[in-house]
Structures are given as structure tokens and as C-alpha cells.
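If you look up TrEMBL, you'll see B:12-36, B:42-62, B:74-98, B:104-125, B:137-160, B:166-184, B:196-216 marked as transmembrane segment. The feature domain 'PABS' is assigned by TrEMBL to B:204-446. The S-methyl-5'-thioadenosine binding site annotation in TrEMBL covers B:Q241, B:D315, B:D349, B:A350. Feature annotation from TrEMBL assigns spermidine binding site to B:H271, B:D295. Annotated active site, proton acceptor per TrEMBL: B:D367, in sequence order.
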Amino acid sequence: MRRRSFIQSIAGLTVVSSVIASCHRQRVIGGSVIGANFHTGHLLRDKKFAAPVSTTEHAVVIVGGGISGLSAARYLHRQGVRDIVILDLEKEMGGNAACGKNDISAYPWGAHYVPIPNNDLTEYTDFMRECGVITSDAAAPLPAYNDYYICFDPEERLYINGQWQEGLIPQFGVPASEKAQIQQFLDKMQAFRLAKGQDGKDAFTIPLDHSSKDPAFTQLDSLTMKQWLQQQGLTSPYLQWYVNYCTRDDYGTTYDEISAWVGIHYFASRKGKGSNAEHHDVLTWPEGNGWLAAHLKQELQPYFHNEALVARIQQENDTLAVDYFDVKESRLKRIIAQQCILAVPQFVAARILQDEARLQKVHQHIQYSPWMVANIRTKELKERSGPPLSWDNVIYNSPSLGYVEATHQEIRQGIHRRNLTYYLPLTAHTPAEGRKAALERTHAEWVKLIVEDLEKVHSNITDAIEEVNVMIWGHAMAKPLPGIAHGTIRQELAASVNDRLHFAHTDLAGNSIFEEAFYQGLSAAKKVMTHLSGNI
Amino acid sequence: MSKKESGAQWLLLTAVFVIATCGLIYELVAGTLASYLLGDSITQFSTIIGVYLFSMGIGSFLSKYFNQNLLAWFIRIELLVGLVGGFSSALLFIVFPLAASFRLILYAIVLITGVLVGLEIPLLMRILEKKVAFKELVSRVFTFDYIGALLASLIFPLLLVPHLGLIRTSLFFGILNVGVGWYLAHHFSKEIRQVVLLKTAAITLLLTQLVCFVFSESIMSYSETMTYDDNVVYSTSTPYQRIVITKNKHELRLFLNGNLQFSTADEYRYHEALVHPTFSSLDQPEQVLVLGGGDGLAVREILKYPSVKQVTLVDLDPAMTKLFSRQEMLVRLNDSSLLNSKVHVHNADAFTWLRSNKTLFAAIVVDFPDPSNFSIGKLYSTSFYQLLKRALRPDGIAVIQSTSPYVAPKSFWCVDTTLRSVGLHTIAYHNYVPSFGEWGYIMATPEEPHRWFSHLPAPLKFLNPTTLQQMLTFPEDMKAHQLLDINKLNNQALVKYFEEEWGKYLEH
């Protein structure tokens with residue numbers, strides 16, 4: 001080897017290694033954007049369907065396999081009804097309780113916990129007992145909750161003023177005057193939690209419709225949460241951030257939009273108590289509410305018909321003609337049904353029913369908030385000072401809601417790689433603009449946005465991330481705007497059509513939580529039972 | 001052959017001798033260092049020797065591409081060998097705690113040294129080919145080569161490692177290598193172009209290595225060894241923990257993640273106290289479970305009871321149990337307990353394992369690390385103790401190492417409170433282990449046994465019936481003096497007590 005060529009090859013090596021290094025720096029983080037099937041979904045809006053190619057008959061058709069639909073099907077099944085079909089656009093039933101799995105753990109794509117149930121929700125607590133969440137029998141004075149499902153400690157932490165603190169209520173670096181306001185606010189919420197109306201009912205409870213109609217409370221539905229805070233003189237920016245965080249977290253709605261009544265409901269409606277759990281405890285699983293959905297689904301498998309887009313439902317004599325587009329076969333098919341439950345959001349229901357008046361009403365009154373949820377697969381992360389990695393990890397003043405750690409409920413030692421589920425309600429624009437902007441964003445742009453947010457708390461996030469998968473929920477949930485909870489619109493939209501067609505969805509419940517969906521399904525199913533006849 | 005020619009020849013042959021010695025030394029240094037740091041000396045030595053010899057082959061092959069200025073090239077290579085070889089062990093010691101792919105760096109160094117050393121002999125033979133008859137040349141060069149190798153293999157274990165240590169040994173030979181290079185450059189200065197450059201490089205190198213040689217102690221301090229009082233004889237990072245073993249004249253110590261687990265000087269005090277109170281209270285125990293305790297030292301004590309038919313040991317880290325069933329020194333320490341046919345080792349997560357376990361045990365020995373983080377805290381929770389209770393025969397006993405009741409009384413009694421909360425009866429006790437200080441243990445039983453401490457096996461080094469009784473008494477400063485929370489998965493009360501108490505203690 002000549003000296004020159006020796007030097008050249010050394011130089012070559014240097015070039016190669018610096019190229020490798022620079023690739024590393026700007027490495028492309030893998031993963032993809034998964035939409036809750038909006039392409040197929042939009043066919044309903046945009047496509048003209050031909051005549052169906054086949055016809056079958058069933059006693060009950062349930063459109064939508066989210067929690068409402070599954071809960072309805074489960075009730076009917078328990079009542080002995082077997083001639084059921086559940087149609088859903090997605091490959092898996094579960095709706096907002098969707099989940100995924102990789103080599104580390106399962107993880108949620110949407111809703112990821114439920115609070116300790118209120119003790120008077122008998123059907124719901126029975127369900128909880130069936131899936132082993134409640135371990136004591138129904139006669140026990142207080143239900144005992146399965147310790148493995150109550151969120152482990154450390155539960156929540158907030159990154160604020162340069163370090164992590166325990167819990168999400170701002171504490172670290174908060175001036176005394178603001179702390180006093182925060183305490184005032186919490187005291188007011190506690191009073192609302194215990195309050196009863198003139199009618200003797202709880203002022204705030206679950207399901208929302210069981211709450212008192214006492215105007216002393218319902219009048220709060222005519223103003224926004226922010227207005228109410230102003231009225232109360234609760235002007236602390238830290239408090240306002242916290243309240244806004246909570247309303248965004250549960251409803252994808254900012255506090256200057258949400259009804260004050262629903263905003264307070266979030267803080268005041270939880271009254272559950274167990275022998276080993278309090279109302280502020282939550283139940284969670286690696287796959288989030290997908291775990292509960294799986295239990296709902298257990299005995300319903302034979303009824304499932306996935307990748308089925310319901311295109312229209314028409315009255316035909318004494319029956320309903322349900323036409324659906326079979327995505328796999330790319331053909332339109334018809335089911336003749338006695339009874340039908342539309343367990344889909346109202347904007348979809350209106351299109352399926354080809355009911356222009358309903359569609360107008362929905363557009364006028366209901367807004368659906370878009371969300372982005374990302375699942376981040378990562379190696380060990382560097383930490384700022386303060387409490388260690390918790391279940392829920394929130395960054396003060398971030399547009400995101402922070403992330404939830406999916407392996408938190410695992411008992412094994414030596415977990416070094418993790419799944420972080422990152423939540424971002426797209427509240428910066430109007431919902432329509434938000435949806436459009438979200439669908440136009442590339443994977444790389446989402447990753448950049450996430451990394452920039454999380455870099456504040458984990459300096460090595462770029463190197464630690466193995467993969468990011470992004471899910472866009474175009475219409476994640478109906479916003480509980482003023483006038484929805486205690487106005488008339490929900491009743492108008494929820495009224496059954498000709499005793500054959502019933503509605504069940506959380507946009508009719510007033511807020512989007514698991515219990516509401518569960519009871520939406522139950523009450524629709526009960527209506528179906530009163531009208532069913534013949535071979536079921 | 002002129003006198004001058006002959007002098008040159010002998011000078012070059014001396015160089016062969018030095019080079020051969022240096023070459024083998026570097027190989028030995030790499031092998032020793034790898035066995036020290038990575039363990040499993042057979043694998044380390046054989047792969048390093050293999051890679052080294054193979055690299056020398058590459059060097060020999062490459063030698064044909066050197067066609068001009070052979071002597072200058074020879075000197076350059078000499079300096080390079082001195083540089084790479086001389087600094088090799090210092091570099092490896094520094095890099096070891098930092099680099100993820102330590103092996104890669106190790107083998108890269110072995111490879112580079114091997115290639116360079118492999119180049120030397122062929123080049124030298126070609127330099128000498130016109131000066132000496134081929135027959136003579138081969139004979140002389142290889143004679144000196146092999147004598148050098150013998151010398152190296154003798155002085156390395158007998159003189160160098162004991163007196164100089166690894167870092168200084170390799171530096172010393174680096175200096176020799178560079179020295180030879182410099183002398184050759186000096187001697188043949190008329191035959192070499194740019195000789196000044198070479199000599200300057202050589203002198204710079206010499207000075208640097210001399211400085212490093214003098215300050216090698218502080219290089220060691222950069223590496224992890226300084227964290228420990230004694231010499232690190234073994235260390236490894238597993239997916240679960242960092243295992244470090246240190247040794248001085250009197251004792252061997254095991255550290256997991258920097259926390260002392262035992263010292264051979266007094267581990268018998270800990271392990272006798274952990275095992276015998278429980279076992280001496282049982283009637284003919286047969287099925288035994290050990291959770292944690294991958295060092296096999298608790299098992300060693302358990303095997304002193306002939307009635308024991310099977311010991312199931314569940315330890316998370318295969319590296320740990322492997323180490324304590326293979327490493328000679330450690331196997332001697334645990335009396336080959338992990339190799340005993342009664343002992344079944346499962347490398348599994350204890351919590352997960354216990355959840356799926358169906359066997360009932362007469363005794364369960366729980367030897368986990370202290371609850372210093374939320375992950376380990378789960379292994380001290382009500383949920384875990386419920387599983388423990390389920391795995392115990394009604395007349396069985398579990399014993400839990402429960403940190404220091406002197407340093408952390410709240411933590412200690414929190415474990416007691418938690419065990420009682422799931423319906424177990426408990427007996428707390430403690431003893432003094434010089435390496436740890438006052439240490440605490442808690443026995444837990446579904447039903448109170450009839451005969452506590454009825455039959456201790458003989459001979460024990462620490463326990464006798466009187467000390468057994470003494471261990472049950474707690475002075476005032478080892479009591480909690482307050483009502484304590486039960487440690488649950490959803491409050492992790494113990495970790496908070498532990499952090500508070502040990503945090504305060506370590507601040508002093």
C-alpha cells in the first residue's frame with residue numbers, strides 16, 4: 001500500500017463515518033399516519049351507491065361497533081336475542097376505545113381509562129364485576145377493586161417552571177395568591193359534588209341525564225367555563241390553565257368554549273367509592289379502554305360484520321332496508337331488519353337516513369372536535385429533575401395533553417423500552433379547519449411537532465424514539481358547548497323513528513365518556529326489546 | 001559482509017525480539033482485560049488470540065503492497081504499534097463504562113494491533129533479504145520472534161501484572177516499541193527521507209506515554225474502578241442491572257447498580273439470619289422457593305436441611321445466576337449451590353412468575369433489592385404479598401429481607417404492616433452485618449407454627465439459640481413510633497418512606 005492510498009483510505013473512512021453520523025442526526029423516524037378510516041368513511045358523503053346485490057334478513061341491525069353499539073348488542077344478547085348484526089366501518093370493533101399492540105405492550109389509540117364507577121350504576125358495576133375489575137360480590141357494602149387495574153403510583157406529574165411536580169394541579173413555583181384561588185376552586189367543586197337540587201337529585205351525576213334539573217344548576221349550561229370562572233373571580237392563570245387542561249383532556253374542548261355546567265360536571269360528577277379506592281382513583285390497562293371493549297366484545301363475535309359502511313337506511317313497509325357497502329368485496333348489500341340501532345355520531349346518522357333536516361340541525365348545533373393521537377415507541381428517556389416517569393405526564397402550557405405510559409400497569413421489572421401515547425386535541429382552529437390541516441400534515445411533520453414538544457422534558461427524545469404512529473380522529477367527540485346538556489337539541493335528535501329506529505351515541509348523551517356510551521347502548525337496546533317480535 | 005552491515009543486521013534482529021515481545025504482550029493485555037471486564041476468560045482469550053493471529057495474517061498479506069522506503073515504513077509501523085498497543089488498555093478502561101459496544105472497540109484495537117504487528121516481520125525480512133542469506137535470515141528472524149514470545153508469556157503474569165498493572169504494562173511496551181522506532185530512525189538516519197519528522201513523532205509519542213505511565217493511577221480513576229474501594233475484578237451490564245465484583249486481600253464484594261449486596265467477610269451473618277430462623281421453625285420442609293438471591297448464598301444455607309427436596313430459585317437476571325454457577329471463585333463461595341441437583345433455577349420476573357405459580361411451598365425466601373424505586377416497590381406491595389400467601393402452605397413460612405430497621409425504621413415496619421394487612425402473622429428480627437449495619441428481616445406465616453427455632457443445623461458461623469432470641473428484640477431507635485401506611489400498588493407508600501429515610505441517612 002502506498003502512503004497516499006493509505007491516507008486516502010483513512011480519509012475515506014472519515015467521510016463514511018461522518019456520513020453515518022450525519023444520517024444519525026437527521027435520521028428519519030419510522031411509522032405512519034393511520035386515520036380512523038376516513039377514506040372509506042367519506043364515501044358516505046361523496047359516493048353515489050348503486051342497487052344492492054344481495055339481501056338478507058335479521059331481527060336487529062346495530063350500526064356502529066363503538067362502546068354504545070357493543071353495549072346495546074350485549075344487552076340484547078343477554079335477553080336471548082341472537083339474530084343480530086353489528087356493522088362497523090373499521091377492521092376492529094371498539095370505536096374510541098381502539099387499541100394496538102407491539103413487541104413492548106398493548107397501547108391505546110383513544111380513551112385510556114375510566115374513573116371508579118359511581119356506586120349507583122348497577123348495570124355498569126355488574127359489568128365491571130363480570131370482567132374482574134370488581135372482585136367483591138354485589139352484596140358487599142363497598143365494592144373491592146382489582147389492585148392490578150387501579151392506576152399504580154406514581155399516577156400523574158406535571159412539568160412546570162423547569163421541573164416535574166407530583167400531580168397535575170399546578171404547585172411548583174405558583175404564587176400563594178394563585179394557590180389560594182386554586183384551593184377556592186377545588187372547594188367549590190367539592191361543594192358541587194355533594195350538592196343536590198330542589199328535586200332531590202344530585203346536581204351533577206352520571207349519566208348526565210340523571211342530574212338534577214334545578215335551574216340553580218342548569219343555568220350554568222348557558223355560559224362557558226371561562227365566563228363562570230371570571231364571574232367567580234377565579235382569574236389565576238395557573239388555575240385557568242388547569243381547568244382548560246381538564247376540559248381539553250376529557251372533551252377536546254377549550255374552557256372558553258365548553259359549557260360551564262359540563263365543565264363542572266367533569267369535577268363534580270364522580271362519587272364512586274370502593275373498599276380500596278376513592279372517587280379520584282382511575283382504572284386503567286395497557287391498551288386503555290380497549291381492555292373493557294374486549295370484554296364487551298367477548299360473546300358478540302358471531303354478530304360482527306367489519307369493514308361495512310352503512311350507506312342508507314330506508315323504511316320499507318314494516319321493515320327497514322339497511323344498505324351497506326362491503327369494503328372487502330366492494331359491493332353494496334342489503335339487510336332487511338325489524339329494528340335498528342344507529343350507534344354512530346349524528347352527522348353520520350343524518351347522512352345514512354338521508355335526512356336533510358337532521359343534517360342541518362346537526363351542523364347548526366353540534367361540533368365534533370378533531371384529535372391527533374400518537375403512539376411513540378421509545379428507548380430509555382433522559383429525565384428532568386422531580387418525580388420519575390408516571391402514568392400521565394403533562395407539560396404545562398403545551399398544546400398537547402402530554403403522554404400516558406402504556407406499560408405503567410405492568411408488574412415486571414426491567415422495562416427499558418416503552419410505549420408513550422401522546423394526545424393532542426386540535427383546538428387551535430375551527431373543527432373543520434383543524435380536520436383539514438390535520439389530514440394534510442405528513443408523518444414527518446407530526447413527528448417534528450411531537451419531538452419539539454417532548455424535547456423540553458426528555459433531552460434525548462430524538463435518539464430514543466424508535467417509531468411514531470399517528471392516528472387522526474377527524475370527529476373524535478361532540479363538543480359539550482353551552483345549551484347542549486340542558487337544551488332541547490339532544491332530545492330532538494334522540495327521538496326514535498317509527499319505533500323501529502333508535503339512536504345511541506355519546507353525542508346524544510352530552511359528554512363523551514365510557515359510562516354514557518354504556519348507558520346509551522343499554523337504553524336503546526331496551527327500546528328495541530319492547531318492539532321485537534317473532535324469530536329473534 | 002561488512003562490520004557495519006553486520007551491526008545493522010543485529011540491530012534489526014534485536015528489534016524483532018522487542019517487537020515479538022511487545023506484540024504478545026498487547027495480545028495478553030487485551031485477553032486479560034476482556035476476561036476482567038467481560039468475564040468468561042476462556043471465550044475472551046480464545047477469541048482475542050484468534051482475532052489477533054488472523055489480523056497478523058492480514059498484516060502479512062498487506063506487506064506485499066509496500067515496495068519502497070521499506071525501512072521508513074518499518075519505523076512508521078513501529079511507532080503506530082507503540083501508539084495503539086501502548087494506549088490500548090488505558091483506552092479500554094476508560095471506554096468500558098461509557099461505550100455501549102465495548103466489544104467492538106476491543107476487537108478493533110486487537111485487529112489494528114494485529115495487522116500492524118503482522119506487517120513488521122515480513123517487512124523486516126525484506127529489508128534484510130539483501131544483507132543475509134535467505135536460509136540464515138528465516139532462521140534468525142523466527143528464532144528471535146519466538147524467544148521474544150516466550151519472554152513475554154513469562155514476565156506478563158509473573159512480573160508485569162502484579163507490579164505494573166495492565167495500564168502501565170501496555171504503556172511500558174508502547175514506550176519500548178516507540179523507543180525501538182526512534183533508535184532505528186536515529187541509526188539509519190542517512191538512509192531515510194524525512195527522518196526528522198519521524199524522530200519528532202517518536203519523541204512526542206515517547207514523552208506522552210511517559211507522562212501517561214506516571215499518571216496511570218489517575219486514568220484508572222476516570223474509569224469506574226474509582227467508585228469502589230478495591231480492584232474491580234468483574235463488571236458487566238445486563239438488561240436489568242450493572243453487576244460489579246471487587247476484590248482486595250481480604251474480601252470479595254458484589255455490587256448491583258452500585259449497591260453493595262454482600263461482602264465475603266460477613267455475608268454468612270446475613271444469609272444465616274435470612275434462612276435459619278425460618279427453616280429451624282419448620283417441620284421437615286421439602287418444597288422451597290427463593291425469590292431473588294441469584295448469588296446462591298441463601299440456597300447454600302437452605303441445602304443444610306436434608307429434608308429439602310427441591311429448591312426453586314427465581315431470579316430475573318440470567319447473567320447473575322450464570323455467574324454464580326460458573327465463576328470458580330463465586331462457585332466456591334456458594335458451595336456450588338446453584339449446581340446442586342435439588343436446585344432449579346428460573347430466570348424470570350418474580351412477580352409474573354408468582355402470579356402463574358400453582359405449587360405450594362413450605363418456605364419462601366424473598367431476597368430482593370431494597371425498595372429504592374417504584375419498579376422494585378411493587379415487589380413489596382399487598383398484591384405481591386397476596387400471591388406470596390397463596391404460594392405458602394398453611395404451615396409454611398416466608399421470610400423477607402426488609403432493609404435496615406436502624407436507618408429506615410418506617411420502611412422496615414411498613415413491610416411488616418403490609419404483610420399483616422393481607423392476613424399474615426409476622427415476626428420481625430434483626431442482626432448486625434458489619435458491611436451493611438443493622439439489618440432487618442420479617443417472617444410471615446398464614447398460621448403461627450408450633451415450634452419456633454427448634455433445630456438449627458450445625459455448624460453455623462453466626463447463629464446459635466441465644467443469638468436467635470436476641471435478634472427478636474428491637475431497641476427504641478429501631479421502632480417506627482407512628483402509624484404506617486400499607487404499601488399498595490396505587491400508593492407506593494414504602495418507596496416514599498425509603499427515599500425519605502435513606503435520603504436523610506446518606507446526606508450525612
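Note that Cβ sites are derived from N, Cα and C of the backbone, with glycine treated the same way.
Remember, TrEMBL labels are computer predictions, not curated facts.
Same-chain residues lying 6 or more positions outside the transmembrane segment (B:12-36) and placing a CB less than 8 Å from one of its CB atoms are 44-45, 48-49, 52, 56, 78, 81-82, 85, 88-89, 92-93, 106, 109-110, 113-114, 117, 120-121, 124, 127-128, 140-141, 144-149, 151-153, 156, 160-161, 166, 169-170, 173-174, 176-177, 180, 184, 232-234. Sequence-distant neighbours of B:A350 (S-methyl-5'-thioadenosine binding site) (same chain, 6+ residues apart, CB-CB distance under 8 A): B:L291, B:G292, B:V314, B:D315, B:L316, B:F368, B:L379.
Cβ contacts within 10 Å of B:Q241 (S-methyl-5'-thioadenosine binding site), excluding its own Cβ and spanning all protein chains shown: 20. On the backbone, the CA of B:Q241 (S-methyl-5'-thioadenosine binding site) and the CA of B:D295 (spermidine binding site) stand 14 Å apart.
Listed by sequence, the residues of this chain that lie at least six past the ends of the transmembrane segment (B:166-184) yet keep a Cβ under 8 A from its Cβ atoms are 11-12, 14-15, 18-19, 21-22, 25-26, 29, 32-33, 36, 71, 74-76, 78-79, 81-83, 85-90, 93, 156, 160, 198-199, 202-203, 205-206, 209-210, 212-213, 216, 219-220. With a cut-off of 8 Å between Cβ atoms, the residues of this chain six or more beyond the transmembrane segment (B:137-160) that come close are 13-14, 16-25, 28, 121, 124-125, 128-129, 169, 172. Note on the recorded positions B:D295, B:D315, B:D349, B:D367: the fewest other CB atoms within 10 A surround the CB of B:D349. Among residues of the same chain six or more beyond the transmembrane segment (B:42-62), those with a C-beta under 8 A of the stretch's C-beta atoms are 23, 27, 30-31, 34-35, 106-107, 110-122.
Cα spacing between B:H271 (spermidine binding site) and B:D367 (active site, proton acceptor): 10 Å, rounded to the nearest whole number.
Note: B:D349, taken in sequence order from the recorded positions B:D295, B:D315, B:D349, B:D367, have a C-beta within a distance under 8 Å of a chain A C-beta. The residue listed as 'active site, proton acceptor' sits 10 Å from B:D295 (spermidine binding site), taking the Cα positions as reference.
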